[in-house]
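K.L.:
Sending over a structure as C-alpha cells; questions will come in a sec.
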C-alpha cells in the first residue's frame, strides 16, 4: 500500500500513522525525519537543505522532492509507504505521481483526517504540560486531579506557546490555504478518502483499516 496522510494540526495524524505503519508493516515517512537524517549524516542533499534552513528560508520544492524521492528508493519502501507532511503543494503531488509512474507504481489512497476548526481549537488550546517533568494534560479531556497542578510533581502546569488560540488559528488558516488545492487534486483523481477525525482513535483507525483492506 502506498498512501499519503493529510489533516490539520491536532487531527491525530501521528497517532494514526503509527497504527497504520505497525498493522500493515510499511514505513511511516515524515519530511521532518528525512530532513533531520540527511542533515545529521551530511549527505549532499542534506547539506543543501541545511544551507536554506540556516538562513531561515523554506527549502525549495525541488530539493524537498529530491529528498523524498531518494527515501522512497530504499528497500523498506518496496511493499509500500505512508507519507506524512508530503506533498504539501500540487507541484509536489505532481512530482510524486511522476516518480511513482516512472517506477511502475501508483498511489493507492490519499487519507484526509477531517476535523472542524472548532474541534481543533478546543483540542489544542486545552492542552497543558508540566514544565518540570513533562507530564501532559488537557483541561477538558484529561485534567490534573488538582486544577492547575501536575499530578506527578505538583508544579504548576503551563500552556505551550504553540497551543495559544492565536497561534492555533494561524496554523489552521495556513493549513487550509495549503491543503485545499491538494484535496481538490486527489479528489479529481478519485484517490481521496475522507475520515471523520472527531471520532475516537479506535473508530478512526477502524474506518481507515476498512478502507485500506477494501482497496487491496
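Keep in mind that glycine also has a Cβ here, set from the backbone N, Cα and C atoms.
So Swiss-Prot says this about it:
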{"type": "BINDING", "residues": "10, 11, 12, 13, 14, 15, 127, 136, 137, 199", "note": "ATP binding site"}
{"type": "REGION", "residues": "30-59", "note": "region 'NMP'"}
{"type": "BINDING", "residues": "31, 36, 57, 58, 59, 85, 86, 87, 88, 92, 160, 171", "note": "AMP binding site"}
{"type": "REGION", "residues": "126-163", "note": "region 'LID'"}
{"type": "BINDING", "residues": "130, 133, 150, 153", "note": "Zn(2+) binding site"}
K.L.:
Mind checking which of 88, 127, 160 has the fewest other CB atoms within 10 A of its CB? They're the binding-site residues.
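P.N.:
Least crowded of the binding-site residues 88, 127, 160, by Cβ count within 10 Å, is 160.
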K.L.:
Which has the fewest other CB atoms in a 10 Å radius around its CB: 59, 150, the listed binding-site residues?
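P.N.:
Looking at the binding-site residues 59, 150, the Cβ with the fewest others within 10 Å is that of 59.
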K.L.:
Sequence-remote contacts (6 or more beyond its ends) of the region 'LID' (126-163), Cβ cut-off under 8 Å?
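P.N.:
Hits for the region 'LID' (126-163): none.
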K.L.:
Using Cβ atoms only, which residues of the same chain lie under 8 Å from residue 31 (AMP binding site) while being at least 6 residues apart in sequence?
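P.N.:
Correct list: 64, 67, 68, 84, 85, 86.
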K.L.:
Test of understanding: give the count of other CB atoms lying within 10 angstroms of the CB of residue 86 (AMP binding site).
P.N.:
22
K.L.:
Among the binding-site residues 10, 12, 14, whose Cβ has the fewest other Cβ atoms within 10 Å?
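P.N.:
It is 14 that, of the binding-site residues 10, 12, 14, has the fewest other Cβ atoms within 10 Å.
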K.L.:
Cβ within 8 Å of the Zn(2+) site centroid (130, 133, 150, 153 excluded): which residues?
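P.N.:
Result: 131, 132, 134, 135, 151, 152, 154, 155, 157.
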K.L.:
So how many other Cβ atoms are close to residue 137 (ATP binding site), meaning within 10 Å of its Cβ?
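P.N.:
Looking across every protein chain shown, the total is 20.
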